[in-house]
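Here is what Swiss-Prot records for this protein:
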BINDING   120-179, 201  ATP binding site
BINDING   267, 280  Mg(2+) binding site
DOMAIN    76-322  domain 'ATP-grasp'
């Protein structure tokens, strides 16, 4: 068995973790990035050109570890039909990618969620508008009124209420962005808090360097495209809030779609009242785990060796092989 993943997003971490656990590794993707994984950071034993070289991956007896880039490039329907063994529950993809199903899931988990506006004409306070699909924050924008919404939505091709299926309009909750990363072991039945990050976004994290008057004169609009990730260590008194939220999400997934296992992330904010408000779930490894290739403060508290989320995936696959339970982890 070899561990394979698409050459983008968090592939360096996934492949490094797999090699640390003794697996042979395979990266696949565009030819331009081959040196990144074989020369500059030699974590891939094999590199295959192509978005999804199914026959070659089957010949390698590979298990694909999904990332956001892989799902975004192939699309949910193709991933659901792929023949190469897939680490995780494919049924989760529909629930993650459909914002109405995602909300049903998070509501069942009894998480505090922002209000959703079905009609832009009902906007009565600050909102954040998000196009559907994983795009790393690309296309997000803020609006404060129905008029402001329609003016800014045009750049996304949303010109009438018939186009609203392309976006979700969320209450903008003021607070500190926090992205806790979890790992649920299906073999051990345990949830682990792996790490926490916040996103470094363009131009949201740079716009504060421009005085307000110049922002208005220049007509600058805020954008939330992710360019990197910054590690966070939470106040210890907040950890149980985060962990309990993760436990409830796993329990709800068991009832709705047959389970969620492996890595996932709850994307949210802590308000000034220290309330954890969740606005999204990423049901796979997220790029926010990349600062922790050598482990995080939380994994060092649990393990006495460096464990990244990528390595934790490989540890689970290795345990599955050793216990003859690998089939329980794959779909």
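Backbone N, Cα and C atoms are what each Cβ position is placed from, and that goes for glycine too.
Keep in mind that what you see is a predicted model, and the values were worked out from it rather than measured.
The CA atom of residue 160 (ATP binding site) is located 25 Å away from the CA atom of residue 280 (Mg(2+) binding site). Counted within 10 Å of its Cβ, the other Cβ atoms near residue 267 (Mg(2+) binding site) come to 16, all protein chains included. Between residue 168 (ATP binding site) and residue 280 (Mg(2+) binding site), the C-alpha separation comes to 12 Å. Here the Cβ of residue 168 (ATP binding site) has 21 other Cβ atoms within 10 Å, regardless of which shown protein chain they belong to.
Counting every protein chain shown, 8 other Cβ atoms lie within 10 Å of the Cβ of residue 160 (ATP binding site).
Around residue 120 (ATP binding site), taking its Cβ as the centre, 21 other Cβ atoms fall within 10 Å, counting all chains.
Counting in whole angstrom, residue 144 (ATP binding site) lies 22 from residue 267 (Mg(2+) binding site) by their C-alpha atoms. Annotated pair residue 176 (ATP binding site) and residue 280 (Mg(2+) binding site), C-alpha to C-alpha distance, rounded: 15 Å.
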